[in-house]
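Student: Pasting a structure here, questions to come.
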Amino acid sequence: MRLCDTDIEKHLDEGIITISPRPDNGKINGATIDLRLGNSFRVFREHSAPYIDVSGPKEAVAEQLERVMSDEIIVADNEAFFLHPGVLALATTLESVKLPADIIGWLDGRSSLARLGLMVHVTAHRIDPGWEGKIVLEFYNSGKLPLALRPNMIIGALSFEVLSGPAARPYNSRQDAKYKNQQSAVASRINQDR
């Protein structure tokens, strides 16, 4: 069952779901809460590798990932990050989110931004039960013009669904959780898959 606006408020008020900084209640819609864009970005360095062998030896994959991903780019609140057509970039939400073991989150992009060609997540829109940290966004500009994205703009909407019971293996308790407590645009850690 998805939480409605009054249940989202109640879960925030009671500390069952934590979002920091907490958006004001005006950012809570019928079944979602708006999240804003943070300051942390990463991009792919062009022509730094002919390909990424995502199923190759872990050490080789780690080396390729290090070569192709930029260092963290911090964009000031009053500046813009330009996402050009056909480019994939990573960014974070401004807010940090903490979910209990019996609630899963779903991040959706905004229709108004999608109509300009912006995809907020390429495939990863599930926020696991037990998650804690900022949400990394996988931006892709499928439009024809560069898009200027500014920190603090509303970038997506998060909804919450109550599970049939608490997860036995919530994200924050797993030893293999690769993105636990992430606070920046963390690059892929596919080389850490088991």
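Using N, Cα and C of the backbone, Cβ positions are placed for all residues, glycine too.
Take a look at what Swiss-Prot says about it:
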BINDING   ARG110, SER111, SER112, LEU113, ALA114, ARG115, ASP128, VAL136, LEU137, GLU138, TYR171, LYS178, GLN182  dCTP binding site
ACT_SITE  GLU138  active site, proton donor/acceptor
REGION    173-194  region 'Disordered'
COMPBIAS  180-194  compositional bias 'Polar residues'
Student: Tell me the Cα distance separating the residue listed as 'active site, proton donor/acceptor' from ARG110 (dCTP binding site), rounded to the nearest angstrom.
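Tutor: Taking the Cα atoms only, ARG110 (dCTP binding site) lies 14 Å from the residue listed as 'active site, proton donor/acceptor'.
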Student: Report, in whole Å, the straight Cα-to-Cα distance of GLU138 (active site, proton donor/acceptor) from ASP128 (dCTP binding site).
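Tutor: Rounded to a whole number, the Cα-Cα distance is 17 Å.
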Student: Does DSSP give LEU137 (dCTP binding site) helix, strand or coil?
Tutor: strand
Student: Please work out the number of neighbouring Cβ atoms within 10 Å of the Cβ of ASP128 (dCTP binding site), leaving out its own Cβ.
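Tutor: That number is 18.
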Student: If I restrict to non-local contacts, at least six residues apart, and a C-beta distance under 8 angstroms, what lies near GLU138 (active site, proton donor/acceptor) in its own chain?
Tutor: LEU88, LEU90, MET119, VAL120, HIS121, VAL122, THR123, ALA124
Student: Around LEU137 (dCTP binding site), how many other CB atoms lie within 10 A of its CB?
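Tutor: LEU137 (dCTP binding site) is surrounded by 28 other Cβ atoms within 10 Å.
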Student: Please list, in sequence order, the residues in the chain of ALA114 (dCTP binding site) that are at least six apart in sequence and whose C-beta is under 8 Å away from its C-beta.
Tutor: none
Student: Tell me the Cβ neighbour count for SER112 (dCTP binding site), meaning other Cβ atoms within 10 Å of its Cβ, over all protein chains shown.
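Tutor: Looking across every protein chain shown, the total is 9.
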